[in-house]
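Colleague: Quick one: this structure, given as structure tokens, is what I'll be asking you about.
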Amino acid sequence: MACCLTLSDNSICRIKPLILLLLNLNICIEQISATSYLIPSELSNIDRPFFDDISPRNVSVVVDEIAILRCRVKNKGNRTVSWMRKRDLHILTTNIYTYTGDQRFSVIHPPSSEDWDLKVQYAQARDSGVYECQVNTEPKINLAINLQITANNDLEIINSNRRHYDSKARAKILGSAEIHVKRESTIALTCSVNTHASSVMWYHGSSIVDFDSLRGGISLETEKTDMGTTSRLMLTRASFRDSGNYTCVPNGAIPASVRVHVLTGEQPAAMQTSGARRSRGDTATIIFISIKILYISRLYIDVNPKGR
């Protein structure tokens, strides 16, 4: 009996370290399992994009100056950064791409930087409002910036006082100085600049042509060639409201203007050429002379019946 007890005690003594080892191992496994549930969420919080909010939330610039709305995104990863105009929910840019026909809007993103700044050239009073820098996380995050444009827009002042032109650099709108188009047709204006202009703006009257207006159907194509710069403005479905003076304003060059008349009816007298008027006048003269000859001939026959 004593021998059995001794053997049991020895067995227990040998097994005890193994039991303790298994217990410790089990505790470690439980801790590792618990940690494995925590790490992803902690890492996701660390890697989640956020705004480095160092820029002002209110930006104010003078009309026709450049407005810069700053947006710095940390931990962007493969997410998309977009700029949206709040008043009409129009997406202006996505990453480095511009999704508006208004070429005044673009993104400033130096390579490998965290900055995604919205640039607005030739800022106008209608550009005032709230703009949002957005990142497509889940849920989406956004940074709102209020842009305020001050002073009045005056094309004449812009042309005479606030621009310095090279006297040899000038714009020319192809065609005549007066253009007549029918209602519901397309207005197509081509501006040729004899230099490489960094930008070309179009004005209707004293306001910059609004490519994002509710009117729609407005497009602009700018092409740089060996000879200079060509800008083509097109307005589809012309209406009477599209009539007026259009000015092509290249950066650093003398602007050019053309007057557009949108006709609401048939061809007016103003469009009739002088040749057409002369043609109708000549026809009337010929008819008159013919009648006169017939009349004289009739008189001659009545007076001289033997001459029949």
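Positions of Cβ are set from backbone N, Cα and C atoms, glycine also.
Pulled these from TrEMBL:
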DOMAIN    49-144  domain 'Ig-like'
DOMAIN    185-248  domain 'Ig-like'
SIGNAL    1-34  signal peptide
Colleague: On the 0 to 100 scale, where does the mean pLDDT of the domain 'Ig-like' (185-248) fall?
Modeller: 87
Colleague: Treating G and I as helix alongside H, and B as strand alongside E, what does DSSP give for the domain 'Ig-like' (185-248) in helix, strand and coil?
Modeller: 3 helix, 33 strand, 28 coil
Colleague: Treating G and I as helix alongside H, and B as strand alongside E, what does DSSP give for the domain 'Ig-like' (49-144) in helix, strand and coil?
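Modeller: The composition, in the requested order, is 3 helix, 45 strand, 48 coil.
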